[in-house]
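A.B. asks: I am attaching a structure below and will ask some questions about it afterwards.
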């Protein structure tokens, strides 16, 4: 298709239409007149065709009053502004598509002088591996994708959405071309093509397990280093140094310092406090290197997992390099305007938090450049080791999901089938995210369900099976590596030998209610903390100061309580495990009573630990370090559940002659009540209240205990917890973060009640938003540029321009394709562009320069059959199209004639307004 000759018909059209087209610039097309300053505007191309042009991350800004087409992420200006990122220096604006994956270097080109195409992408495996490990910040998740034609590529810009339909069509054309080969090597290529998904799944699972092993072993050693060191080796943790309990090989710092200078006890405390602050600060400093500056056009609402993105003052660090690729003030092709002082740019850190919310948004098709790059992977891994080792109230399980997705994204670069197709890439990313949970909890089945229930947006049967394979591969690898020294893959393994009694069902339900309420209240408390403390100017401006303060508070109040000082994973095990003198992994925390009189002191001890841990978890969530919320929320719930368990135990011992408890006292010398069961059930219920995971949590708890007897109590408590949490706070922590960040994410798990029609969200059709070819299929390039800038001013970087003839919709050209096509014109000021398929008079293949397509023929970029609905269509149908098909926009017809177009962001905004209205009612 790309090789057809258009020169004869283009010459014929131009000879007869030059005069009419000069007039049509202001008349028939209804185009905006272009000022000289606008004519000089040259934007870096968004979608490479025969050449990929990598460029800095762009966003847009616009002035003026907002209207119904204003970008969801904020108002925009007429120029598009680059997002400054710490992931790497932006490359030159024009690169060959085939060499942009590798060294990240290229040669600048001007219009009419494109780079040569002598670099083939079909390189050796060694070169592919080097390129896969290259930190391609501006590509990250979002890669260019194939369209109907091999040489026509669509580039996904920052903060845009994936076109799932076109990606699916592109892959169908690729498969058809592959299967057309009937020779021996053609069949070999088909087999290899089918095996690529399995190879990637196995590779990703193996690498994730290795990284999890490194993190687990390293953080335990650094964590114990705050208390002392092993005389047999500095890199040996306390558990490996003294596997059977206290021993002489482990030396505390007070003993090493001989009590100098504050006495043995206080010297240990000072060293402990200093190392807590040091480790947390170093982790924060590493995280701050992943800073990305977002112009005010895409101003985040400051409630991501950082929970308070810091503003950058105009002229400060955030503006460095905005006007030029190298930040030295040299004007670039894409002229930019600095944001006003009233709307400073925002910054976010890709290595901060757990990243689960962003991973979920990415898998839905939203583009966040640099979030899954190699630099983010390295910094997140190293920073996670330090942050967990510092003893802060955070976990490593959530960040495992982000780290695993980074591995999946980088591995996709080995195969062009996944590297060039964004929809195919997300199949691997879904499997990688599930494997992250599998290695975090040692629960491969729970990982598969996590991918299905939480992060995956599109999960067909093929993806489900590959996800299962990836999780099993990761679990097997972790089994051989043996990070915990127990020959087990689970974080901890609990065995309950005593079955539960029927009267305990009431207690289990109560635990579920309290756990769900605690999780929902944690969400509210975290939001309140973010909009109060983190809004203090000095805290907002200096993230490191907040980390130091949180580390200081954690060391001061957490050191003196034996429960809060422990690592969160070890504490959770001690709260959930039954009392057994033969268990060497249990610490002597005084949680196993021998009589009724021992229970009240235990209750006070647990109550203080519950209050301290709950407070520390609230103030820690959101600081600028890699941090998860899964296990900390489970620990808080475990403390509460253990409290309730001991209360029930006290009741059984206080009323031994009660008919309800008559059979209970015959089971054990103390009672049949196992407080550890209540602790684990409450832990799962609280995590359910925070994340709203249900089936996944029940399976994870089953895999941790390995006991079928307690599947029913686990499931019942989680069911009640979810009902309770939904009643108190409708949104999970990740739904809330996604909404407050204003990501164009359509929740496919929650559908509002629609009673309206499509006409309610249709903006009025504007002449500058359409291409009218009623008088002539030739349109001046300057007019197309003006229309494109109109889209950019509205923030629709991934929008499109409908093409109409006599008010009938005949096609649509996506904005990234139009921008690329215009950038390839040799002389934009005088060029006339063909916007329709016109029958050729001479179909000879010997003309027009030996097969080169005329750059002024834009017909290959046009979608001849865009998705269109009647203006009276029900809103339920619109929802299904956006969610199930993953459309970016829908054209709207009235009685068969074009009436407008609605964008996915517009629909998301409408849905949120509808949900807010329902919430107030």
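The backbone N, Cα and C atoms fix where each Cβ goes, and this holds for glycine too.
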A.B. asks: According to TrEMBL, transmembrane segment applies to one of these ranges: 470-491, 580-601, 602-623. Which one is it?
C.D. replies: 602-623
A.B. asks: Which sequence-distant residues neighbour the transmembrane segment (269-289)? Criterion: at least 6 residues beyond either end, Cβ under 8 Å.
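C.D. replies: Residues 86, 222, 225-227, 253, 257, 262, 349, 351-352, 379, 382-384, 386-387, 389-392, 543-544, 547-548, 550-552, 554-556, 559, 623-626 contact the transmembrane segment (269-289) from elsewhere in the chain.
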A.B. asks: Per the 3+ Cβ pairs under 8 Å rule, pairs at least 6 apart in sequence, do the transmembrane segment (543-563) and the transmembrane segment (502-523) touch?
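C.D. replies: The transmembrane segment (502-523) and the transmembrane segment (543-563): touching, no.
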A.B. asks: Determine which recorded stretch among 188-215, 502-523, 602-623 has the most C-beta pairs below 8 angstroms with the transmembrane segment (629-655).
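C.D. replies: So the stretch in question is 602-623.
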